[in-house]
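Copied over from Swiss-Prot:
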- Lys40: site 'Transition state stabilizer' (SITE)
- Gly75, Gly76, Arg97, Asn196: substrate binding site (BINDING)
- Lys257: site 'Transition state stabilizer' (SITE)
Amino acid sequence: MNPKHTPIDTTGLTPEMRSHVLAEALPWLLHYRDKIVVVKYGGNAMIDEDLKRAFAADMVFLRAIGARPVVVHGGGPQINEMLKTVGLEGEFKGGFRVTTPEVMEYVRMVLFGKVGRELVGLINEHGPYAVGASGEDAGLFTASKRMITVDGEEVDLGRVGQIEHVDAESLIDLIDAGRIPVVSTVAPDDQGRIYNINADTAAGALAGALGAERLVMLTNVKGLYTDWPNKESLVSSLTPEQLSDLLPNLDSGMVPKMEACLDALRSGVQAAHVIDGRIPHSVILELMTTGGIGTMICPAGWEDIASPDINYREDLP
């Protein structure tokens, strides 16, 4: 989604309407040339076979127009399935899984060896573009143990971590070589202990470290609702300041995503998007149309320098 417009309904488009959408995309095709776009891959898009393929095609499309996509993924459903299979469903505290070293080995295997490899394969059906990576590779992420508070008491979740540092140099090398990095969110601490990192948090931190133009979060809802589950409370755009004010009252499942968006914007990312990953090609619909399909967070007045009209001029960003 891009400024000064409200979301559009993409269902039931006639050929004439589709041609209009393609023409509308031209200024955005020019705008994203050489720009890094970090996409957090999650939700139904990771489970449904058609959505997986549509997402992979979107990443190849972005590369084809000269953009520089980077994918960050989690794998909650796949991890749950694996742990159930091996009989390690485990303990929960405050709604969070306690990740023992044994559980962490399966988490690591699923994220990098299954989810990441599958997406790399789907992208590479279109050409030799994607390269799998993890937070362990070349010091990409450095983590520390994350503690939570439950009923006023600090709780140890085991190998659940938070990012302390990002060294994106290795990914920049891949991006400069025309590759699409697919990043699994496991990371070591300074003692070599491996932690599972929230993929939303990792995507936001990585977008900031890379100097990305955009951060895109795939979810299983249409965007940000200020009063979930009231469907009338869906917003198409808001500023970081407005989002900060809303944060304490948002649905708990949306909070990590919104915190990651705010962190990315504070680090210089131009805009963040929350979109419905249940819609095929949702990334392209959001970024390549003026209406978009989700919620965009951007600074006040940003629309004045991001109007599609000026993007025909190569002397402007």
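Residue numbering: from 1, along the chain as shown.
Cβ atoms here come from the backbone N, Cα and C positions, even for glycine.
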Query - Where Gly76 (substrate binding site) sits in the secondary structure, as DSSP reduces it to three classes - result: helix
Query raised in the report: Within 8 Å of the Cβ centroid of the substrate site residues Gly75, Gly76, Arg97, Asn196, which other residues of the same chain have their Cβ?
Result: Gly74, Ile79, Asn80, Thr99, Val107, Leu111
Query raised in the report: Which of Arg97, Lys257 (the recorded positions) has the most other Cβ atoms within 10 Å?
Result: Lys257
**Report entry** Longest CA-CA distance among Gly75, Gly76, Arg97, Asn196, per record bound to substrate, angstrom
**Finding:** 14
Query raised in the report: Can you tell which of the binding-site residues (Gly75, Gly76) has the fewest other C-beta atoms within 10 angstroms of its C-beta?
Result: Gly76
Report summary line: Its Cβ having more other Cβ atoms within 10 Å than any other among the recorded positions Lys40, Asn196, the winner is Lys40
Query raised in the report: Do you know offhand how many angstrom separate Arg97 (substrate binding site) and Lys257 (site 'Transition state stabilizer') by C-alpha?
Result: 19
Report summary line: If you measure between the CA atoms of Lys40 (site 'Transition state stabilizer') and Gly75 (substrate binding site) and round to the nearest Å, you get 11
Query raised in the report: Measuring Cα to Cα, how many angstrom lie between Gly76 (substrate binding site) and Lys257 (site 'Transition state stabilizer')?
Result: 15
